[in-house]
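As given in TrEMBL:
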REGION    1-20  region 'Disordered'
COMPBIAS  1-14  compositional bias 'Low complexity'
DOMAIN    123-251  domain 'TFIID subunit TAF5 NTD2'
REGION    298-350  region 'Disordered'
COMPBIAS  298-309  compositional bias 'Acidic residues'
COMPBIAS  321-332  compositional bias 'Basic and acidic residues'
REPEAT    380-421  repeat 'WD'
REPEAT    453-488  repeat 'WD'
REPEAT    495-526  repeat 'WD'
REPEAT    537-578  repeat 'WD'
REPEAT    579-612  repeat 'WD'
REPEAT    621-653  repeat 'WD'
Amino acid sequence: MAAVAEEPAEVAAVKPDPESEEILRREARLLGEDLGAAALSPAGAGLPGASGSEGDASSSEALLSRVTAAAAIAIGGSVAPVASSSPGVAAAAAVPPGKVGGGVVVEDQPDVSAVLSAYNQQGDPTLYEEYYSGLKNFIECSLDCHRAELSQLFYPLFVHMYLELVYNQHESEAKSFFERFHGDQECYYQDDLRVLSSLTKKEHMKGNETMLDFRTSKFVLRISRDSYQLLKRHLQEKQNNQIWNIVQEHLYIDIFDGMPRSKQQIDAMVGSLAGEAKREANKAKVFFGLLKEPEFDVPLDDEDEEGENEEGKPKKKKPKRDSVGSKSKKQDPNAPPQNRIPLPELKDSDKLDKVMNMKEAARRVRLGPECLPSICFYTFLNAYQGLTAVDITDDSSMIVGGFADSTVRVWSVTPKKLRSVKAAADLSLIDKESDDVLERIMDEKTASELKILYGHSGPVYGTSFSPDRNYLLSCSEDGTVRLWSLQTFTCLVGYKGHNYPVWDTQFSPYGYYFVSGGHDRVARLWATDHYQPLRIFAGHLADVTCTRFHPNSNYIATGSADRTVRLWDVLNGNCVRIFTGHKGPIHSLAFSPNGRFLATGATDGRVLLWDIGHGLMVGELKGHTDTIYALRFSRDGEILASGSMDNTVRLWDAVKAFEDLETDDFTTATGHINLPENSQDLLLGTYMTKSTPVVHLHFTRRNLLLAAGAYSSQ
């Protein structure tokens, strides 16, 4: 049915074929039903849940106009059960206009009773085990090439059949069904099954989030057309309506033409709360290139002055400086338009900082397999307050820790102490025109290596310095994000938008904007001068655990406990990529400096690498034995560093990981990926701490790697 929504122009041109129309009507169960039932039937206005199934038949004009009319009626958006002759038709959310058959609309708080009434259909409860084991035997006896693909059905069918039994109050049958088959499910679903096992009565299902996730978001399976036809034939021969109804109503089968995928290919991609991403979800164009750097005339003046002091220096340096300039003069073809989103103007201090950055870059160490970075580890000793977050400024001059005792502590890493601005009375006496006015306004009496910021009323889970080092963000269990001034070391604003703990926050690489993500399953985009969020990114099915800005600031990546990573467009708030493959909640994200790739780390101890442009997984780095809390690319992107709760920092060869990628049209179209068997070839080094989990990593401008964590005595 997806074909109808995608290509209306083509559909209109094709003449209907009576036989295919009949098949479509029969499959869609539209015969003998009134229009109202068609409008509200779950699998996309009563058509099969399979995208692309019977693609040729979907061009029937009469049916198309009927479905479109049905969708138009359904726009009201109310959700209510529908009485209908077909046993499979029940309540579902209305289909939005323009998205005929696009699956169910997910609302923030769906009406629980309407959602649950989809389980009203009654099958004989004693036969559920027989149905399931029959299908299981069929799949296990099918050819190897189909078995791996069809095995994906086990988990979603198991869950929906169990929930159907519980909802219809067949408690003993449900218990026996669970006991018998829960051991067959893949190990990465264990946590979900634990939650499921606690749902034993109809009443338990009313307010349960897991329950609603399962009902309101269709479980997505990606299956080849051959495997799908095999399954369909089997279910129709066996008259196994109960399972066929579940397949049509609760699953979204994304069918592709071509070879079925191998077990290894499927295993790499599955494991999230709602199955794989639909291929359609990763088709939108993403401008992953970098914005053009503004050009300055400042560096040359600086160089001339240096030249006067030390002869011969400009000769060496000038060509390098020009090359830095010329590199940024060419517009990246994949970059977004410069004014696609409004970015703050550069202040004079920012320009000076950029100049410093260029000078540092000229002295940067070129890293590679033969030249690994030195690692400097900052260990927080006696951190009984419980270190929960760390950040380091871009110029590596300050480090901040967020603690479980609700404090935020800022340290100076350089000999230069932290000072506050003088009081207003003293400031009025200062000569504003003097060259060193920025020094004069600082109060020497307040100088210290550490400043403690009080204000939060719960553990601080995320911290982020602004690029200009004037501000600091912190987010906490108390549901707020706070903006602190690093001039006065006081809180300037408390942003209230999340109702629950906020797990992470991060400044845009250009400052001004920042993002936060929390337990309420949404990420919010803010600007420092607005007390309300500018965008709300909703779509994750569980907590948003980590957030990251793309280097061009036009996109935001969010990692979630639903085991998916999403990429959002800042301009319009749309989700433009969904990456599935992790088997546990995601806790770290890092974009490559060129903006083309994303690395993600999770509780499963794997680092996955993604090609943003093609929307494909391109690598899997195995080696860590515990949650990965920190990921960072070196400044030129040659090395990826990962830090984990297993007390190690590992360095990976990013250049080798991303070269020779198979991103031809076929791979992109089917989502087939062939990951290299051995990620150990990419591992350049493993560095152990004595007993310190790694919570943050940072490459200095010259490519020295800084790591941080709190010593744990167990």
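Note: Cβ is positioned from N, Cα and C throughout, glycine not excepted.
Nobody curates TrEMBL annotations by hand; they come from automatic prediction.
Not measured: the values here are computed from a predicted model.
Residue counts for the domain 'TFIID subunit TAF5 NTD2' (123-251) under DSSP (helix as H, G, I; strand as E, B; rest coil) come to 101 helix, 7 strand, 21 coil. Listed by sequence, the residues of this chain that lie at least six past the ends of the repeat 'WD' (453-488) yet keep a Cβ under 8 A from its Cβ atoms are 347, 349-350, 353, 386, 388-395, 397-398, 400-410, 418, 420-421, 494-507, 509-511, 514, 516, 518, 526, 528.
DSSP assignment over the repeat 'WD' (621-653) gives 0 helix, 20 strand, 13 coil. Model confidence over the repeat 'WD' (579-612) stands at 93, taken as the mean pLDDT rounded to a whole number. With DSSP classes pooled into helix, strand and coil, the tally for the repeat 'WD' (579-612) is 0 helix, 20 strand, 14 coil.
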